[in-house]
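> Take this structure, written in structure tokens, and hold onto it; I'll ask about it next.
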Amino acid sequence: MADSFSLNDALAGSGNPNPQGYPGAWGNQPGAGGYPGAAYPGAYPGQAPPGAYPGQAPPGAYPGQAPPSAYPGPTAPGAYPGPTAPGAYPGQPAPGAFPGQPGAPGAYPQCSGGYPAAGPYGVPAGPLTVPYDLPLPGGVMPRMLITIMGTVKPNANRIVLDFRRGNDVAFHFNPRFNENNRRVIVCNTKQDNNWGKEERQSAFPFESGKPFKIQVLVEADHFKVAVNDAHLLQYNHRMKNLREISQLGISGDITLTSANHAMI
């Protein structure tokens, strides 16, 4: 069920010759638009920081808005975790941060940069109670990114994500740690209390006792799933009215740290 895309195809059509840099990337990645020894514009009263361009935002900055977050793989400028956007330098604070202070509200630990509370990489609020239901007001839509972070319990048996429409399940994502002594990921859809044909994935990036990050990107005709920053699989929509998918159920043998959604 894994598609044949490279990560560079995970989000097509960026048109960005250097689709790198992710402000607020997880791990120890730097934020966008930083400068050596200086904070973002505004840190030096009455002057721009070294290398700034008078009267405009420096390369890699997004004037007047928060930069986009991203599913792993190139997309809009500054989207992919890794090297920073043009003009950025390692180890510098993100927009709104000052030397010696943490990033803006919503920054994930050890990450520079931050997003509003609605962003996918907010400060973990957990552990959250499992099973956990994440409301999806207005349903899902293309370019919505759902991010789930937590830790697999020791001797885990399963993880379950269910994108629900009432009693139906539009997308069932079910890593199984021991199905007949094998590890497998099962995806399916349930309509009118009937499960459809299973799609099985042998690649299995989860480990008992280890932390994980699952990202689900909604596209017009499929879901894309990435685990720990690597594209894993895609699942074609069997329910076409995405706006009716109003809840994500999270269950299984995990400690849940955070669950968020945002548009990218």
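One-based numbering along the chain as shown.
Placed from the backbone N, Cα and C atoms, the Cβ positions cover glycine too.
So Swiss-Prot says this about it:
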- 37-46: compositional bias 'Low complexity' (COMPBIAS)
- 76-105: compositional bias 'Low complexity' (COMPBIAS)
- 132-262: domain 'Galectin' (DOMAIN)
- Ala2: N-acetylalanine (MOD_RES)
- 1-105: region 'Disordered' (REGION)
- 35-114: region '9 X 9 AA tandem repeats of Y-P-G-X(3)-P-[GS]-A' (REGION)
- 35-43: repeat '1' (REPEAT)
- 44-52: repeat '2' (REPEAT)
- 53-61: repeat '3' (REPEAT)
- 62-70: repeat '4' (REPEAT)
- 71-79: repeat '5' (REPEAT)
- 80-88: repeat '6' (REPEAT)
- 89-97: repeat '7' (REPEAT)
- 98-107: repeat '8' (REPEAT)
- 108-114: repeat '9' (REPEAT)
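For each listed feature, how buried is it and what is near it?
Taken as a whole, the repeat '3' (53-61) shows an average pLDDT of 47 in this prediction.
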> Tally of helix, strand and coil residues over the domain 'Galectin' (132-262) according to DSSP?
3 helix, 84 strand, 44 coil
